[in-house]
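Feature list (source: Swiss-Prot):
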- ASP954: active site, proton acceptor (ACT_SITE)
- ASN57: N-linked glycosylation site (CARBOHYD)
- ASN81: N-linked glycosylation site (CARBOHYD)
- ASN110: N-linked glycosylation site (CARBOHYD)
- ASN121: N-linked glycosylation site (CARBOHYD)
- ASN316: N-linked glycosylation site (CARBOHYD)
- ASN337: N-linked glycosylation site (CARBOHYD)
- ASN420: N-linked glycosylation site (CARBOHYD)
- ASN531: N-linked glycosylation site (CARBOHYD)
- ASN560: N-linked glycosylation site (CARBOHYD)
- ASN591: N-linked glycosylation site (CARBOHYD)
- ASN681: N-linked glycosylation site (CARBOHYD)
- ASN686: N-linked glycosylation site (CARBOHYD)
- THR824: phosphothreonine (MOD_RES)
- 31-53: repeat 'LRR 1' (REPEAT)
- 99-122: repeat 'LRR 3' (REPEAT)
- 171-194: repeat 'LRR 6' (REPEAT)
- 245-266: repeat 'LRR 9' (REPEAT)
- 292-314: repeat 'LRR 11' (REPEAT)
- 363-386: repeat 'LRR 14' (REPEAT)
- 435-458: repeat 'LRR 17' (REPEAT)
- 459-482: repeat 'LRR 18' (REPEAT)
- 530-553: repeat 'LRR 21' (REPEAT)
- 652-674: repeat 'LRR 26' (REPEAT)
- 675-696: repeat 'LRR 27' (REPEAT)
- 697-721: repeat 'LRR 28' (REPEAT)
- 29-769: topological domain 'Extracellular' (TOPO_DOM)
- 791-1123: topological domain 'Cytoplasmic' (TOPO_DOM)
Amino acid sequence: MKNLGGLFKILLLFFCLFLSTHIISVSCLNSDGLTLLSLLKHLDRVPPQVTSTWKINASEATPCNWFGITCDDSKNVASLNFTRSRVSGQLGPEIGELKSLQILDLSTNNFSGTIPSTLGNCTKLATLDLSENGFSDKIPDTLDSLKRLEVLYLYINFLTGELPESLFRIPKLQVLYLDYNNLTGPIPQSIGDAKELVELSMYANQFSGNIPESIGNSSSLQILYLHRNKLVGSLPESLNLLGNLTTLFVGNNSLQGPVRFGSPNCKNLLTLDLSYNEFEGGVPPALGNCSSLDALVIVSGNLSGTIPSSLGMLKNLTILNLSENRLSGSIPAELGNCSSLNLLKLNDNQLVGGIPSALGKLRKLESLELFENRFSGEIPIEIWKSQSLTQLLVYQNNLTGELPVEMTEMKKLKIATLFNNSFYGAIPPGLGVNSSLEEVDFIGNKLTGEIPPNLCHGRKLRILNLGSNLLHGTIPASIGHCKTIRRFILRENNLSGLLPEFSQDHSLSFLDFNSNNFEGPIPGSLGSCKNLSSINLSRNRFTGQIPPQLGNLQNLGYMNLSRNLLEGSLPAQLSNCVSLERFDVGFNSLNGSVPSNFSNWKGLTTLVLSENRFSGGIPQFLPELKKLSTLQIARNAFGGEIPSSIGLIEDLIYDLDLSGNGLTGEIPAKLGDLIKLTRLNISNNNLTGSLSVLKGLTSLLHVDVSNNQFTGPIPDNLEGQLLSEPSSFSGNPNLCIPHSFSASNNSRSALKYCKDQSKSRKSGLSTWQIVLIAVLSSLLVLVVVLALVFICLRRRKGRPEKDAYVFTQEEGPSLLLNKVLAATDNLNEKYTIGRGAHGIVYRASLGSGKVYAVKRLVFASHIRANQSMMREIDTIGKVRHRNLIKLEGFWLRKDDGLMLYRYMPKGSLYDVLHGVSPKENVLDWSARYNVALGVAHGLAYLHYDCHPPIVHRDIKPENILMDSDLEPHIGDFGLARLLDDSTVSTATVTGTTGYIAPENAFKTVRGRESDVYSYGVVLLELVTRKRAVDKSFPESTDIVSWVRSALSSSNNNVEDMVTTIVDPILVDELLDSSLREQVMQVTELALSCTQQDPAMRPTMRDAVKLLEDVKHLARSCSSDSVR
């Protein structure tokens, strides 16, 4: 028993030894390992390598073999690297317990949350990379404890707040990347303390304020990225102290002032990008000192002056991009000494003179981009002989001369865009034989001869634009077989013959051959060009039928085959063109009925079938075309009645033309539902009944019902139409004019007044009833007369004399009134300087340089209304704004009043634009833009800063007065409200023809939107210098419809627009692309202001903002690249 007890003790001892050994092996994982396991708890997702290695192992006392871990000699964690490991979760505060950590790389994962402040405890950290994650909130200010930190990457996160000042006091910091966050506030002054900093990237944040001058103390800086922030102020001169600087990007900020950069200290500078700022002055000549400079990029920096010749000293320069500035003068020939130059971009400036032949010496030059300047003369032959050029972009200049045969030897040439110049002569026949051309754009020159056959010899041609020249002959078959062409424009030439067959699987997407002499059938092979989105073959001599193969073009959005000699019926297969938005086959000889399956065109906005031989009644499916806004099917043989379902096309806004179709019956009642319709033509039919249905068409600007069999009175809402276009109602012998219409209507119309039925009816009253009525009427009149006499006697004592002006405290003194009356000889006719809707204007010169304009208002109201007017005028007199005419004084009497204004020496905007000698006051675009902005400011003030708001109701050039500096001042504001005391709307129209908003055409609805419409018309006058209703316009066309029509016919092409609608005086000025872009933006604003629907118009505050933005136009482009 005793032995058994001893054996048990021995076994128990062994068990205890085994158990203790096991426990020791579990707890022997060192503290760094345990810290890592704690960090693991904060992670939502880790790669398999982590789950398989990050765990307790009896045979390992350290985590040195774990995935992503590297240890130092003491078996402490020195590096944690999870880069690109698809880890998600948060970085726990336990990270601060890794005291030996030297490298922490968690880049390119999905970490979120804040950066733990405990990182400041990792005092041995040399590299901290948390880039490309989702960290948010502020950068902890404890990082300044990392005295050994050399590299800090925090870019591409969601960090916010200001930078800690202490960040730049980390003594050994060499690399700091903070780009692509949402950091705000100023750049700390402490940046100058970062003596060891070599690379600093802070771009694509929200930093504001000035770049600190102290940055010049960061003497080790080589790379500095500050672009795409909100920095202001000037470029600090202290940057010139950074002798080690190789790369400087400060583009896409709002920096101002002169560029003072380029000291002898910049020898190491390789790349300089100052683009998209608002600098003053020119390109600093001192940049010629930066002898190592490889890329100089200052795009849209608001630079002016000339290009310094000192840039020719930069022998290593490969990229020179000074585009989109206001540089003037000529290109210095010294640039020909930049022997390494690869890219020269000087486009979108105001450069003049010839292109220097010295540029032909640049043997490495690949891209020469001089477009949108004012260059003249010929392109030097040395450039045509270049064997390095791949791109030659010189469009929109005044260049001339022939295209030399040497052009055909440019073996690397890919892109040649010469459009909108004055090149003449033939295109060299061999062009394309020796090079792989990709883009050839010669539109808008004076080129003659035939299309060269080898343009697509290299089978890479994507764009071939030869429109608006004098070319003749046929299209070479090789061009039709060129599958790579995407955009093909030959419009407005003298080309003839048949169109070539197009290859299968052609890349063609845009085809415009309009206005030539092409003949024969339209090739069915066009239907194989599946990418086609636009076809314009109008104004040619094509014959035969429309090929049904065109129905294969499911991406086609625009088809114009108008004004040809096409015949036959419309192929039903076209219904498969389900993307079609505009379809025009007008002015052909097509016949038959319109296929019902065209109802598939759900996106169609414009349908033009006019001047053909279509029959079978107006198509019943039209209401299914919900987006249809223009329907022109005039002068066909549709016959039948107008289907009532047309009234269901709610978006029918612009035009409904059913004229000349032999239509019968009455106008269907549903047509009255087209309340947005602006143009209606149902003339030359056999329609009967009354026009009462048209009462509801309140948006109509033009209507023609002539040559039908209508009867009865013309609706009240068409009174204005009858006055302006009486012929639109002629040929209806039984139509008549209501007695409520103005007498002037009858003077211009052959129609008679409607019979007054009340006069022809017998009263049916007996003799004694008539006597009784007469007696009672006499008694009533007597009572009224006695009452009026009594009232007059009561008021006589306190009433002013009839011709005496009434004064209040706020009104001008009687002495000034006497001077005004004396200066105008009691308002003598000879002092008249204008007549307006509200009265006559006189010029009163009171000596000592004081000249006033005196407006005499005539009232029809009684004296109480005048007292109300005094309060109203008093309110107007307190309105103060630089773009509003200031009321200097006013006087009232019973029947009229005088209002005194400062005299404007330049007269009105109408005088300046349309006066007898407008050339004496020609406004350049800058002046016109300032007028547009000034008027917008004035109207915005009236609409939103006056209480109550003032709606002008008669904005037009005559009411915009110009001071000696051509600053605009709006006049007559408040007078419409002063002279009309109704509350909501009136039956009479307030405003001037051409400026009246559609909703105000036949009654006045008070709203700011009507002023916005009138303002839009004024903008169009500034752009076009045409009157609102100009004699040059087609009949029944105002400036709004004329501009919309012009833009529509040009497919919104910028060049076409400039030549079509813009004032010819501005054309030379608009060679500057930024100004041309301004004109486009202002035109778009005008069209937005003149939309039919008042709710769709911008407010005047919107207009001011857009115009302010236009002032600083800058094309969007990434400044991350120097190109």
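Just so it is clear, glycine is given a Cβ too, placed from its N, Cα and C backbone atoms.
Computed from a predicted structure; not experimentally measured.
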Largest tally of Cβ atoms lying within 10 Å of a Cβ, found at which of the recorded positions ASN81, ASN110, ASN337, THR824: THR824
Residue numbers, six or more beyond the limits of the repeat 'LRR 11' (292-314), whose CB comes under 8 Å of its CB atoms: 251, 259, 266-286, 320-338, 345-346, 351, 1114-1115, 1117, 1119, 1122-1123
Cα-to-Cα gap, the residue listed as 'active site, proton acceptor' vs ASN316 (N-linked glycosylation site), nearest whole Å: 63
Cβ contacts of ASN316 (N-linked glycosylation site) (under 8 Å, same chain, 6 or more positions away): SER291, SER292, LEU293, ASP294, SER340
Non-local residues, at least 6 beyond the ends, that sit with Cβ under 8 Å of the repeat 'LRR 3' (99-122): 32, 45, 70, 72, 74, 76-93, 128-146, 148, 153-154, 159
Separation of alpha carbons, ASN560 (N-linked glycosylation site) and ASN420 (N-linked glycosylation site) (Å): 25
Secondary structure of ASN337 (N-linked glycosylation site) (DSSP, helix/strand/coil): helix
Packing count at ASN686 (N-linked glycosylation site) (other Cβ atoms within 10 Å of its Cβ): 13
Non-local residues, at least 6 beyond the ends, that sit with Cβ under 8 Å of the repeat 'LRR 6' (171-194): 131, 139, 147-165, 200-212, 214-218, 220, 225-226, 231
Listed stretch, out of 245-266, 363-386, 435-458, 459-482, 697-721, that has the most CB pairs under 8 angstroms to the repeat 'LRR 26' (652-674): 697-721
Non-local residues, at least 6 beyond the ends, that sit with Cβ under 8 Å of the repeat 'LRR 18' (459-482): 414, 419, 427, 432, 436-453, 488-503, 507, 512
Least surrounded among the glycosylation sites, given as ASN420, ASN531, ASN681, when other CB atoms within 10 Å are counted: ASN531
For the repeat 'LRR 11' (292-314), residues assigned helix / strand / coil by DSSP: 5 helix, 5 strand, 13 coil
Nearest-integer angstrom distance between the alpha carbons (Cα) of ASN57 (N-linked glycosylation site) and ASN81 (N-linked glycosylation site): 21
Helix, strand and coil counts within the repeat 'LRR 1' (31-53) (DSSP): 16 helix, 3 strand, 4 coil
Using Cα positions only, nearest of the glycosylation sites to ASN560 (N-linked glycosylation site) (ASN81, ASN110, ASN121, ASN591): ASN591
Per-state residue totals over the repeat 'LRR 6' (171-194) - DSSP helix, strand, coil: 5 helix, 8 strand, 11 coil
The residue listed as 'active site, proton acceptor': secondary structure state under DSSP, collapsed to three categories: coil
